Ligand code: HEM
Ligand SMILES: [Cu+2]
Ligand SMILES: [Cu+2]
């Protein structure tokens, strides 16, 4: 009898815990990963849901079997369940539980590969993308717009419905650029330029944060990505150009020093600041990303 | 205070940092004094040296590993509670960023390298020779060296807290954050040298146990007759031998960067930090299998014993162990799917990672079907084993979810990840080690642990676990990153974090009950006179508890799997009974103080290198050389146990 109550308690504890998590994860804007606003985040969410369903095919029987077996074959006087101490082989059963997981991994592996390859391409092919060069610094984010020739710190504005080509590097320890509602993260690494395609299909302000630990000020490396319709985006660019001061090498050197600061914006950027940073630290680009300028100009600018 | 003294107290003793340091200093001082006084008053110095510090007996070395692992579980647990206290509410000021960073670094490093590793080595040592019918491990002297390298490595790591400052770049210690440019304190050097020293010991242990199992099995114990725990040690040792050298190299190169000024991982001058990340995880992923495989072995033993049934699908269990150990080398890049590898690379490592789940799942089903049609006794080891199944199943499922690379772009570095690895490390490794500890406790010490206190501990720990870690999955979906020392109110992360902290305290309480249980049972625990309190299946249970120092007076001949159980079934245990005329003199290794001194020399050398104090480092290195030299000229490191002594011992144990 005591045993019975105990096992019931295990079950209840388990059920309670999972019920709470499930209830809490019943979406809502707080659950950013489950509430994506663009095609990248959506595709990742689909994969997440698929993986939940596929793993549940194994997990639920395991949990059910465990409860059933422990209950039925407990060592209790008068338990009439069969006791076969030498029964220890069954080809059929073994084939079942080697086979089913292999099939599941096959399916999940296929869709994983498919999504992985899809995400290295721009989400839309017929809309010209916008490039944003991102540099993680100690402990702030610098966003440069090579097309618009402006820059911001600790926030970025993007047009809705347009694929954004985030090019990522770091001029400090490795960080990771993560805007959960737009999609998954990618590391920023010194001496390397990495690409992350993201896109917002709704206007709004989306939380972003560095995801990889970089020391004392790391907890304060949050930023917002603000998505606006294209015309408002260009209006914003014009106002930044009209009202802010330029980003010079001197200003950049100041920014580079470890500190926690608020948001700012700059009316212009030095032409080779970003690629110069990548080159100064090693100069590796993901395949197909090498910028058009000649290497010699970049090397010059890197020794500023 | 003279200037040099105040410089010393602020720079090295960190007395300017306030009460936490002062309290630790006082505590350490009092504990050390207490130990010294107690040993002196009880005249136990000699005993300590002769029976423990110089021992080469695998059973005693195992017990020392066990004590060290439990102490480190305590230290790592206190770290965890400090972290969780800081995170309990948004905008908390309990810990500063600096302290939080140090504490999560020491917590992670200690739990993996100074808690989980010695815990598995404790059980390797205590169980393997007894299970395979051997008198010791293949290289007993080397075994002692392994222990003392681990021990002094752990000491070196732990003193960083009160002398010079703890490391703070995370237990993964990625450059450039861990290079001099961003981290110039001695803490990182402590990490590098302490882990290096104990790592050398781990490699030696892997070699030692592989040799032991391949060379020292009792006659007739074919490979496919070995108990599954022994098989799991084979699998883990293979992984250790191939994985740990990668860590040793990574740490050595980073140490050179920091101490000598090379540029292996700096960004300038052609160094490459990615190389470190690769080397680290080429060890790091296999490492998690190093600690989980022995736990799998334990579950197999426990399930068979307490379901009173043969393990279901023995060959499939062996196959899956070996498959896991091989596949675990081909998945390391899943720790950095988001570092810009191409889609092809990511897909390869994603699928390889999912593949590991297949043999692992097979094992779970085999355990379930070992219980099926058995008779299940809910003893403490069995309770922990049963609790392991749902916990590990969920942890494994979230592992597969993480392995789907594009989904991992959303989980990586978030609390979802934290929840996953704690679920497999605690639900898999810690539950397994506790199950093993409870199971073999009578064999180690000759008495049983109190069941009632053990059940209280079990329930507290289990409930605490789910309360602590389930909310963290949700926090991951809410975008909370790991390693943040604080978070703002408006993110809505407060409630779940608070719940999680409550769960952590419940687990802490559970640990406390284990301590109480052990202390209580030392006095009141029931003695185990039979040597086989669980009515178990394998050879170690044919010996008295604790086993005499030479283990088997006469080495048994093995004719089948689960030998001891089969003999009991057929009522033929007399076959293993001693006949006086069969006893022959036994060769046993001699005790030696040198492994201890070697460890101490490593400690001194490491300490010197941490601060760049070359004379001290040189003294330590000379000590190491001397130890090696003396060993090289040592002849006759064995002694013979005479027949009379064996007869007396066995008679006293009631075996003759
Ligand atoms: C009482 C139970 C435990 C609690 C409450 C706990 C809590 C925590 C917390 C709060 C963190 C820091 C998260 C962050 O901010 O990044 C952490 C990290 C970690 N824990 Fe635990 N932990 C526990 C037990 C364990 C055990 C048993 C192990 C290993 C066997 C372990 C291994 C780790 C590792 C490897 C890290 C990562 C450290 C790093 O980021 O460098 N923990 N844990
Ligand atoms: Cu890289
Ligand atoms: Cu891994």
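Including glycine, each Cβ sits where the backbone N, Cα and C put it.
What you see is a predicted model, and the numbers here were worked out from it, not measured in a lab.
Per TrEMBL, these features apply:
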- B:43-559: domain 'Cytochrome oxidase subunit I profile' (DOMAIN)
- B:20-42: transmembrane segment (TRANSMEM)
- B:63-83: transmembrane segment (TRANSMEM)
- B:103-128: transmembrane segment (TRANSMEM)
- B:140-163: transmembrane segment (TRANSMEM)
- B:190-216: transmembrane segment (TRANSMEM)
- B:276-299: transmembrane segment (TRANSMEM)
- B:311-332: transmembrane segment (TRANSMEM)
- B:344-369: transmembrane segment (TRANSMEM)
- B:417-441: transmembrane segment (TRANSMEM)
- B:453-475: transmembrane segment (TRANSMEM)
- B:495-520: transmembrane segment (TRANSMEM)
- B:596-626: transmembrane segment (TRANSMEM)
Here the stretch out of B:20-42, B:140-163, B:344-369, B:417-441, B:453-475 with the most C-beta pairs under 8 Å to the transmembrane segment (B:63-83) is B:140-163
Where else in the chain does the transmembrane segment (B:596-626) make close Cβ contacts, counting only residues six or more beyond its ends and a cut-off under 8 Å? 53-54, 144-145, 147-149, 151-153, 155-156, 160, 164, 186, 189-190, 193-194, 196-197, 255, 259
Would you mind giving the whole-number mean pLDDT across the domain 'Cytochrome oxidase subunit I profile' (B:43-559)? 95
For the transmembrane segment (B:140-163), which recorded stretch in the set B:20-42, B:103-128, B:190-216, B:417-441, B:453-475 gives the largest number of Cβ pairs separated by under 8 Å? B:190-216
May I ask for the residues of the chain that lie six or more residues beyond the transmembrane segment (B:190-216) and have a Cβ under 8 Å from a Cβ within it? 105, 109, 113-114, 117, 121, 124, 128-129, 132, 134, 137-139, 142-143, 145-150, 152-154, 156-157, 159-160, 164, 166-167, 169, 173, 226, 230, 233-234, 236-241, 244-245, 247-248, 251-252, 254-255, 258, 602-603, 606, 609-610
Outside the transmembrane segment (B:103-128), at least 6 residues beyond either end, the same-chain residues with a Cβ under 8 Å of its Cβ set are 58-59, 61-63, 65-66, 68-69, 72-73, 75-76, 79-80, 82-83, 95, 134, 137, 143, 146-147, 150, 153-154, 157-158, 160-161, 166-171, 173, 187, 191, 195, 198-199, 202, 205, 209, 212-213, 229-230, 233, 236, 287, 290-291, 294-295, 298, 425, 429-430, 433, 436-437, 440, 443-444, 483, 540
Taking a Cβ cut-off under 8 Å, which residues six or more beyond the ends of the transmembrane segment (B:20-42) line up next to it in the same chain? 13-14, 48, 99, 161-162
Spatial neighbours of the transmembrane segment (B:276-299) not adjacent in sequence (6+ beyond its ends, CB under 8 Å) are 112, 116-117, 120, 123-124, 172-175, 228-233, 235-236, 239-240, 242-244, 246-247, 249-250, 253-254, 264-265, 321, 324-325, 328-329, 331-336, 339, 363, 367, 385, 388, 421, 424-425, 428-429, 431-433, 435-436, 439
